[in-house]
């Protein structure tokens, strides 16, 4: 069983990423420096682990790379464990370890893309390069802007892969309805505008002093994401629970960019709340969604039908977002404790349920 988990990296890294969410959430109930450590656990441990699971599964598939990945998986797994252990001792070691993990992902991905002479993955490689640069800059300087910028970089990468995600779940919905004559093709234009706008904001945040200018760039990002949602405005699609969840998560991301943009332009006090909408629903929620879709599609489930616990999990993530970003004025219960408990519960249940799924089911190729 252990061999199977390390042979198929999606399994070990999705579960490890879920494990990291638990201390990231519950750190608020301790006497540790929870302001710093919750960022470390979420952005420096949970996110890289999720990306390792996704990239080590997807990119070899996209490039027809069939060599055994076990040695790469074990190396990155060990580095993540080292980073976790040092998070309570020396954050500088954590930062450099995580930077090296991003660098490892970049080099490995570039190598197999080059072997396949595949010119369709440059956007993914460029995003990984940006993670490497921002991560090393944060490790060397300890300036929070480099860590916070990774939230937006994650949103950009989510928009990049959203085309493939939309395509997969859209086809799944049509297949369930036996709509053989209909074809679902996501709108790549709005996706590209959203990605470009987010990258423009990331770059501009280092060089443009005017928050008003940056605010309008954020509004452009929000508008592009809202326009992108139009591709799902069909009853035959939206009546499927997984497409409805996907729609709501992207809608919350658009709301986050909208709130942040308005806060920048009009100097409103909603910047932290908007940033947490992006982080909880846009980033953590989307990762959870992909964990469920990929976990089922690569475990032999022919029909994509989320477990009851996963459906409830999406709802709880949205409730955590609302509690942290809209109800925070009512005290620490809504500001810290309720969102923390909800996120820890959601990922603990996922970890338990999908450990059983992965243990009892052979790994399968993507049905598409």
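Glycine too: its Cβ is placed from the backbone N, Cα and C atoms.
Note: TrEMBL annotation is automatic and uncurated.
Per TrEMBL, transmembrane segment is recorded for 12-29, 41-60, 72-93, 99-115, 122-140, 146-167, 188-206, 212-229, 241-267, 273-294, 301-322, 334-352.
Beyond the ends of the transmembrane segment (334-352), by six or more residues, the same chain brings 15, 18-19, 21-22, 24-26, 28-29, 280, 284, 288, 291-292, 309-310, 313, 316-317, 319-321, 323-324, 327-328 to within a C-beta distance below 8 angstroms of the stretch.
Below 8 angstroms of C-beta separation, residues 55, 59, 92, 95-96, 98-99, 102-103, 105-106, 109-110, 113, 146-147, 149-150, 153, 156-157, 160-161, 195, 202 of the same chain, each at least six residues beyond the ends of the transmembrane segment (122-140), sit close to that stretch.
The transmembrane segment (241-267) shares the most Cβ pairs under 8 Å with 212-229, out of the stretches 12-29, 212-229, 273-294.
The stretches the transmembrane segment (146-167) and the transmembrane segment (12-29) are not in mutual contact, being linked by fewer than three Cβ pairs under 8 Å (pairs 6 or more apart in sequence). The listed stretches are 12-29, 41-60, 212-229; of these, 41-60 has the most Cβ pairs under 8 Å to the transmembrane segment (273-294). The list of residues near the transmembrane segment (12-29) in space but at least 6 beyond its ends in sequence, with Cβ under 8 angstroms from a Cβ of it, reads 5-6, 37-38, 41-42, 45-47, 49-50, 52-53, 56, 73, 76-77, 80, 84, 284, 287, 291, 294-295, 336-337, 339-341, 343-344, 346-348, 350-351, 354-355, 358.
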